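> I have a structure here, written as structure tokens, and I will follow up with some questions on it.
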Amino acid sequence: MNAVVWWQSLLLVMLGGAFGSGLRFVIGSCLLQRFGAGFPWGTLAVNLIGSFVAGFLLIWVDKRGSAGWSWRMLLIVGLIGGLTTFSSLMVECLVFVRSERSLIVGFYLCITLLFGLLFVFLGARLGAFVCDD
């Protein structure tokens with residue numbers, strides 16, 4: 001990758017990442033206000049939404065030909081990378097354990113991982129259906 005393409009990719013990732021992080025904040029804030037702080041609904045929601053959209057986008061960018069690289073940087077690496085958050089998932093699990101609510105950790109991890117996997121496959125199926133020539 002030459003220097004110009006590298007810088008273009010970096011700018012696309014930063015732009016998408018800023019938007020994705022802002023979107024994560026908005027979704028998390030709305031769900032916190034609606035459901036309270038008893039369960040990390042915001043992190044769960046953004047990770048499941050991100051899984052679905054990533055599956056869809058993976059198929060969609062493959063259909064873009066040579067422009068697919070730029071779209072991948074902007075939308076998958078940037079936007080979805082900024083929207084979803086593995087570190088928050090782990091921190092929330094630690095908080096549950098430290099607050100003597102460790103039984104919820106297994107439930108939270110199972111839901112996140114199982115539904116995340118399901119959603120990425122569903123998004124890819126939708127992407128294949130929508131992008132089918």
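Every residue gets a Cβ built from N, Cα and C, even glycine.
The feature transmembrane segment is assigned by Swiss-Prot to 3-23, 41-61, 76-96, 103-123. What Swiss-Prot records for Gly81, Thr84 is Na(+) binding site.
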> Which Cβ among the binding-site residues (Gly81, Thr84) has the fewest C-beta neighbours inside 10 Å?
Gly81
> Need the DSSP three-state call for Gly81 (Na(+) binding site) to compare against my parser.
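Helix, per DSSP.
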> Of the listed stretches 41-61, 76-96, 103-123, which one has the most C-beta pairs under 8 A with the transmembrane segment (3-23)?
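By the under-8 Å Cβ criterion, the transmembrane segment (3-23) pairs most with 76-96.
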> Six or more residues beyond either end and a Cβ under 8 Å away: which residues meet both conditions relative to the transmembrane segment (103-123)?
39-40, 44, 47-49, 51-58, 89, 92-93, 96-97
